[in-house]
Amino acid sequence: MNLKEKTRALFAEIFSYPATHTIQAPGRVNLIGEHTDYNDGFVLPCAIDYQTVISCAPRNDRTVRVIAADYDNQVEEFSLDAPIVTHDSQQWSNYVRGVVKHLQQRNNAFGGVDMVISGNVPQGAGLSSSASLEVAVGTVFQQLYHLPLDGAQIALNGQEAENQFVGCNCGIMDQLISALGKKDHALLIDCRTLGAKAVSMPKGVAVVIINSNFKRTLVGSEYNTRREQCETGARFFQQPALRDVSLEAFNAVASELDPVVAKRVRHVLSENARTVEAASALEKGDLQRMGQLMAESHASMRDDFEITVPQIDTLVDIVKATIGDQGGVRMTGGGFGGCVVALIPEDLVPAVRQAVAQQYEAKTGIKETFYVCKPSQGAGQC
């Protein structure tokens, strides 16, 4: 039974009437463009075929009722006429509450909803299960009540909910790709303007995500430190963000910068350039050049931004040794663990899977998790 069938059946069973709509919103993986989003730079993610699915129907009152199928059918209920505050024990419900609260501030022309939620985006793997949930909930209200909100506004609403209601800092990429993703395409997103350009993916290429399952500990504090170092760099150049600094300008005065800040700045500037070129390489079907850019990105994250760990570097080395110049591999996400992403010909997937299974655990003592994904459509009815 797929997620649509599961949520529709559960909806009818619990609420004793059929759902009128089923909405999905996907998770995502970032192919290239790491730690560029909060520097007003470029990112190149694609939506993946793991998603949050919500079967739903409008109510004729002001109550929101939610069933979390993946949490033992826990029930959440709140009124649109009372102040929406955080739930003490059901953390999942705060994503729903936050999205609804911020939707009210944007466009309050909606009533109550019954919904059943289920998803298969792996949690804690850096594949944006939370953004997928936020965008799915926003799309439910937009579709049921014909709200005049586009995908970018639904994405911004989800980001606000996560930052201000749930209390977790995030850029806009995760929600934007979940809302705007296009089947068989990646999306080159300008994080300053929120402009997005669909980039066709070469035929016969698989998106492989491998979770190192290394438990991240430093990610919060180190993320904030990197952000501060980037802001220091932008101030040095008297620019609002590193997006506005050219590599030429940087190279001319790099020796005057604090050495660590200089390394951080060099990563962001070079990564922005790589991301724009990667979009062009993908469109041309030049998997070899894409692989080189991904390798340069990983080296920059390892040596200049210093956010990889030995387990991640080991995974990258195993995949690279298996695929040679037929595709690319790099760490993806915030760093200090998490996942690597590889773009490889579909016929090489079994060899990569076997090489990783044979070598990664033997070298690190940790068992990986292996996902093969397709670039998928963004949020909407399913």
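Every residue gets a Cβ built from N, Cα and C, even glycine.
If you check Swiss-Prot, you get these features:
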type	residues	note
SITE	R28	site 'Transition state stabilizer'
BINDING	E34, H35, T36, D37, Y223	substrate binding site
BINDING	G124, A125, G126, L127, S128, S129, S130	ATP binding site
BINDING	S130, E162	Mg(2+) binding site
ACT_SITE	D174	active site, proton acceptor
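Within 8 Å of the centroid of the Cβ atoms of G124, A125, G126, L127, S128, S129, S130, where the record puts ATP, the same chain has further Cβ atoms from G27, V121, P122, Q123.
Sequence-distant neighbours of E162 (Mg(2+) binding site): residues of the same chain at least 6 apart with a C-beta under 8 Å from its C-beta are Y95, G98, S130, A131, E134, C168, C170, Q175.
Other residues of the chain with a Cβ within 8 Å of the Cβ centroid of E34, H35, T36, D37, Y223, the substrate site, are G33, Y38, N39, G41, V43, G171, R226, V268, E271, G334. S128 (ATP binding site) falls outside any helix or strand according to DSSP and counts as coil. The two recorded residues, D174 (active site, proton acceptor) and H35 (substrate binding site), have Cα atoms 13 Å apart. Around the Cβ of Y223 (substrate binding site), the number of neighbouring Cβ atoms within 10 Å comes to 17.
Under DSSP, T36 (substrate binding site) is assigned to coil, being neither helix nor strand in the three-state scheme.
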